[in-house]
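Asker: Let me begin by handing over the structure; questions about it come next.
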Amino acid sequence: MANLWKKQRLRDTGLCRLGILFAVTLSIVLMLVSVPRTALNGSSIDDDLDGLDKDLEAKLNASLLSVARGNRMSLRLHRRNHFSPRNTDLFPDLAKDRVVIVLYVHNRAQYFRVTVESLSKVKGISETLLIVSHDGYFEEMNRIVESIKFCQVKQIFSPYSPHIYRTSFPGVTLNDCKNKGDEAKGHCEGNPDQYGNHRSPKIVSLKHHWWWMMNTVWDGLEETKGHEGHILFIEEDHFLFPNAYRNIQTLTRLKPAKCPDCFAANLAPSDVKSRGEGLESLVAERMGNVGYSFNRSVWENIHQKAREFCFFDDYNWDITMWATVFPSFGSPVYTLRGPRTSAVHFGKCGLHQGRGDEGDCIDNGVVNIEVKETDKVVNIKEGWGVRVYKHQAGYKAGFEGWGGWGDDRDRHLCLDFATMYRYSSSSASP
């Protein structure tokens, strides 16, 4: 009886060990299967960084090449920017009259999800290419993009974002001047802005990212560098109505006849709090920063003002455009829009309000935007006239800027972005 009990005990112990071994093996297999594609991509990218470095030598000027070589993540992002769009198997053909959509994002995932959800309901979105431009690399933002299945989508990542440079420029360096008057004491690097304040990488990244994105989309990507038509620009806290894409197509088609002097077409009024007039008339007004679109000829006009853009002491790209670039065109810069908005700015937390810092803005991203039946169909008619708004309030020539953009290093990096796709590596910063 004792022997029988002993055999049973040994058999149970063996089964228990076998069960533990099976569980451990299964856990390892599941862990390997669940490794994010981005991690695998990173591994494959690292395998060929030397080849990428040689490739960059032929494409970047010496200044940008020096910055990129100092950061392994920067090199990896350069490589990722050449990846083909996703979902080409689901949407193999793009419409010839497409308006490419570019989505400028940072790290506000709670907003980004809302914007992506609204895009998924936009009629005609499957006919075009969506480009998501990231300010550096944030895994949660990357996962949201990888979940998109409603159109072709391409990701680009700013490889010069201060967020990926922890101890060197464009991030924070140990030798940076930090407080007012530090530069007078010597032994620190950096120029103050017009108010005596030194650069904040988190702040300057807003303008750097926008300018890098514009130059990359118009001049650097295979998918868009030959695109002559309009490109629509939106941000991670913009809610698009279902009729947004069809409306912007209509506006860009009508613009040459209805408003030949208009530089752009907008989905929303320049006053972000307005939902529009609701009148039966098109509107020509100052260009807004919600759902704005323009074509390559306008981009060329903007690009010619790179020095004005890069040397204006304001960290906001839009205020820089209103106060110095647009006035330099020599005529009022009007945009054409409908009488009812097709896009809404819903964010409460600004891009300059980060996480983990004093004064952070907390918002769970829950929005309640009413979408009416008229917001689901094209609500712009070709027979309408155009109401022109002149002498609107807002930033104009003569405004000297809010500062935050006084460091010569930022200004010259900005100028380098303007030449990175137009000159060889022998070109130096202007």
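Placed from the backbone N, Cα and C atoms, the Cβ positions cover glycine too.
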Asker: Which of Asp89, Asp135, Asp176, Asp182 shares the substrate site with Tyr104, Val105, His106, Asn107, Arg108, Ser205, Leu206, Lys207, His208, His209 per Swiss-Prot?
Answerer: Asp135
Asker: Of Cys259, Cys310, which cysteine does Swiss-Prot list as the disulfide partner of Cys262?
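Answerer: The record-listed partner cysteine is Cys259.
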Asker: Based on the record in Swiss-Prot, give the one of Cys177, Cys188, Cys414 in a disulfide bond with Cys310.
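Answerer: Disulfide partner per Swiss-Prot record: Cys414.
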Asker: Given the binding-site residues Tyr104, His209, Asp237, state which is nearest to Asn295 (N-linked glycosylation site) when distance is taken between Cα atoms.
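Answerer: Going through Tyr104, His209, Asp237 one by one, the Cα closest to that of Asn295 (N-linked glycosylation site) is Tyr104.
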Asker: So of all those recorded positions, Cys177, Cys188, Asp237, Cys414, which one's Cα sits nearest to Arg108 (substrate binding site)?
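Answerer: Ranked by Cα distance from Arg108 (substrate binding site), first place goes to Asp237.
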Asker: Minimum Cβ neighbour count within 10 Å among the disulfide-bonded residues Cys177, Cys188, Cys259, Cys310: which residue?
Answerer: Cys188
Asker: Which has the fewest other CB atoms in a 10 Å radius around its CB: Cys262, Cys414, the listed disulfide-bonded residues?
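Answerer: Looking at the disulfide-bonded residues Cys262, Cys414, the Cβ with the fewest others within 10 Å is that of Cys414.
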Asker: Out of His106, Arg108, Lys207, His209, His345, which of the binding-site residues is least crowded by other Cβ atoms within 10 Å?
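Answerer: Sparsest of the binding-site residues His106, Arg108, Lys207, His209, His345 by Cβ contacts within 10 Å: His345.
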